[in-house]
Amino acid sequence: MKEIGINKEDRYTELANNLKLMGKYDEAVEYYRKALEVDGDNFEAYANLGDLLDKTNKWEEACEVYGKAIELQPENEVILNERGNMFFKLQKYPEALKCYSKAIYFNYKFVVPYHNKGLVYEIFSEFDQAMKCYKLSIDIDPNYKEAYVSKARLEKKLGKYEDALETYNKLENLEKNNNKILLDMIKINIDMKNYKEALSEVEKLIKIYPEESSGYYIKGVLVNYLGKSEESLKFINKALRLDTKNPKIYYEKALIYSNIKKYDKALEFLEETISIDPDYYEAYILRIDILMKTGKYSEAVYYCRTLINRDNTKMYSAYGKAPYRMYLAYKAMGKKKDADEICKYAIKYYDEIIELSGFVPEFYVIKGILLTHFDRYNEAKECYDYALALDSKYAEAYYYRSKYYEAQGMKLEAEKDMKKCVELDKSYESYEENIN
């Protein structure tokens, strides 16, 4: 059902939140910015934008954005702490110290800035002050592992080896299954593209929790991300032996096999994924992708329909291009009547998605391609124009608008758009349209 009365600011923010959850950080940043253009007092947008800028290593800009958020909520201890973290990363330690101190002033029970103050004092070689901060962190929250780690590290640095061992012993006596902080540290390092540090933390996780699957799973994901697909399989297999009912492990194994083009094996593990969790939508998307690549178009249509029917949010089926890929599959099979019918459905589907989800350039481009099927070229061109109005750096929109100009005999305009497309994305130099 169409939402009534929702304003642009809310649409932009909601869309940005969804994109952030899906890991599409660059797109999310753009929509938080659009939300702020509509309403410069949107605290949520500033806070999330600052977080994403941090994740993409744009600390100076993140610092400025968090400053805007603090102007709106000057007593928000979490944002004060985050701004302090940005100053810390920029090596502006006095400014970081001020932010951490303000965070503590507004919430003296908030443990994180105490620990962070200790890190600053340690850099200044004010070891007594640093130790007080670490001890105070532990007093406030006896389960705050980072404080134990920092305290033990400082004790070791000062030659207080017995004290360091005692601190490590206390750390080990905490609940053994409480690995959240270590997992958070791994995630932060991955977000910052510090893959060596992330792998180092994963090794610690495996050492502390050798009978848990999480460490082996994360290591497999990291190694695969670094392009060592074959090597990553041994870690994923270890994770599966420890946890045979976790769909994300089966999915990762399928993804690895897909990367090395062992599609039959990939499909086998996608079947396992879906049998455990029928609503693991990423598995449907990858399965459709493989089926299209391998020319199994009838099966692709089946799984496109299944994904559309199961995905109540419509976000996964939209970003997975399920309606569009159904159209491509029928077209590849030479089933013109079915292709016509599904193309009409897909146009209507993307109209609804655009109406509900805000303004996503990709959806306008897909709609434009579909309109071309019915020779509605001018409407298609309007879609490409709109996509570029939303994102002037969206290469695919330039590509398809260039094709429109070419078909209309507008050679100069076609060449101009194609040149811009290739400038933005070099892969279009050798791009050939296909059904995948």
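Backbone N, Cα and C atoms are what each Cβ position is placed from, and that goes for glycine too.
Just so you know, TrEMBL annotations never went through curation; they're auto-generated.
According to TrEMBL, the repeat 'TPR' annotation covers 9-42, 43-76, 77-110, 111-144, 145-178, 213-246, 247-280.
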**Report entry** the repeat 'TPR' (111-144) - residue tally per DSSP class, helix then strand then coil
**Finding:** 26 helix, 0 strand, 8 coil
Query raised in the report: By a Cβ-Cβ criterion of under 8 Å, what residues six or more beyond either terminus of the repeat 'TPR' (145-178) are in contact with it?
Result: 111, 114-115, 118-119, 122, 127, 130-131, 134-135, 137-138, 208-209, 212
Requested in this report: Could you tell me what the rest of the chain brings near the repeat 'TPR' (247-280), counting residues at least six beyond its ends with Cβ under 8 Å?
Outcome: 213, 217, 220-221, 224, 229-230, 232-233, 236-237, 239-240, 286-287, 289-291, 293-294, 310
Query raised in the report: In this predicted model, what is the average pLDDT of the repeat 'TPR' (77-110)?
Result: 90
